[in-house]
Amino acid sequence: MHSAILATFFLLSWTPCWSLPLPYGDDDDDDLSEEDLVFAEHYLKSYYHPATLAGILKKSTVTSTVDRLREMQSFFGLEVTGKLDDPTLDIMRKPRCGVPDVGEYNVFPRTLKWSQTNLTYRIVNYTPDMSHSEVEKAFRKAFKVWSDVTPLNFTRIYDGTADIMISFGTKEHGDFYPFDGPSGLLAHAFPPGPNYGGDAHFDDDETWTSSSKGYNLFIVAAHELGHSLGLDHSKDPGALMFPIYTYTGKSHFMLPDDDVQGIQFLYGPGDEDPNPKHPKTPEKCDPALSLDAITSLRGETMIFKDRFFWRLHPQQVEAELFLTKSFWPELPNHVDAAYEHPSRDLMFIFRGRKFWALNGYDILEGYPRKISDLGFPKEVKRLSAAVHFENTGKTLFFSENHVWSYDDVNQTMDKDYPRLIEEEFPGIGNKVDAVYEKNGYIYFFNGPIQFEYSIWSNRIVRVMPTNSILWC
């Protein structure tokens, strides 16, 4: 087995010249360096159809670099251009798992799984970043994620060879798949089988923690153990088995539905699931789609729903879906309201009685603050929507069946507010889920319906499905 792995490693290390040079993206991407191009080509060869003995001997399976790039863009829900552009490089630079991407909640070739339901694991060594008890707790929780939804049982042993051997290492660490230093590749695991099969390795050049600082060991371990049990990567950005690392927050972790479906395909359900409702990723063309918040941001449109947001570029039809915490780890998972203040290059995010001011990826110092700082009485517990008008300096806030008007210049609430929504904007109903303004029209979202409202004529001019904002 070890000699076979060694032979495979040498084949992977030898890269024949079958690939095509990477084309650049738009004119705005002309500043891509030679280092960017080398990095991108290495990324694509590592995670999209890595060279294997079968692939080398059978030339019909050879995949060009451009084909790999298109597959990578499709996998991550990017616009499939076949060109190396900034959004594609942004994804490539994110910390991730070292296992190649194949798609959905499929399994490794030959549908590898454990034949038994009672499995053992051993923690071979420890990271110096955390206490032994913290490391043990992280792995115990990670195994429980999978045992909660399957008939699998995991028992820790302290010596000898376990089904799943867990270790920390750096660079070359004994399996011929070296780590790359801080960030980048965080960990990898092998599918079920003998020898290395099932083993999980963690890069000790990373800073491992039990919080949002560095990399959360529990989150990475739970992902890698999915591979140890036979799962491949998922295209679903909300899935635990999505290849990119995202800190999911301090709240109780619930295994997403995509992962549940995958692991139960292999092993079946467990006796009693403590979390019978598992979070699902929203589907943009769902006819019943409702939204949580909408805002512009530097020419793009950000559309928030549950733990996610769609990022809609003005020149693209396909919206990109991301976990909110993959961009802003410090924000809550769910957003109540959001708006952009373009002249200040700020985006404001609201959740409950708190709000945040963001400049790009960065939260401004002094935030979060309380919405009472804006002049809301204590009876207002949360906002449902917000929209800013740059030409007047006014911001409208919606809460339950009322609308408030805030003067950004004087930083006070306008007199004669709040007012009833249905009186201020006749015909849109008495609640607003999300709202944004564009070219003299206000777009109000209420459940699966959106209203296009003319500011000049003060009336509804069109009624459309909510999902039409996502080109459905």
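The backbone N, Cα and C atoms fix where each Cβ goes, glycine too.
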| request: From ASP129, ASP271, ASP273, grab the residue that Swiss-Prot records in the same Ca(2+) 1 site as ASP204, GLU206. | output: ASP129
| HIS223, HIS227, HIS233, MET241 bind Zn(2+) 2 in Swiss-Prot, but which of CYS97, CYS285 does that record place at the same site? | CYS97
| request: Kindly point out which candidate in SER234, SER251, SER372, SER384 is recorded by Swiss-Prot as part of the Ca(2+) 4 site with ASP292, ASP336, ASP433. | output: SER384
| request: With ILE294, ALA338, ALA386 listed by Swiss-Prot as binding Ca(2+) 5, identify the candidate in VAL220, VAL260, VAL409, VAL435 belonging to that site. | output: VAL435
| Candidate annotated in Swiss-Prot as N-linked glycosylation site, out of ASN125, ASN153 | ASN153
| said: Of the residues ASP159, ASP163, ASP232, only one is listed by Swiss-Prot in the Ca(2+) 2 site with ASN195, GLY197, ASP199. Which is it? | reply: ASP163
| query | Cβ-Cβ under 8 Å from ALA338 (Ca(2+) 5 binding site), same chain, 6 or more residues apart: which ones? | reply | ALA293, ILE294, THR295, MET302, PHE304, MET347, PHE348, ILE349, PHE350, ALA386
| note | Other C-beta atoms within 10 angstroms of the C-beta of TYR367 (phosphotyrosine) total 14
| query | Quick one: Cα separation, TYR367 (phosphotyrosine) versus ASN118 (N-linked glycosylation site), in Å? | reply | 48
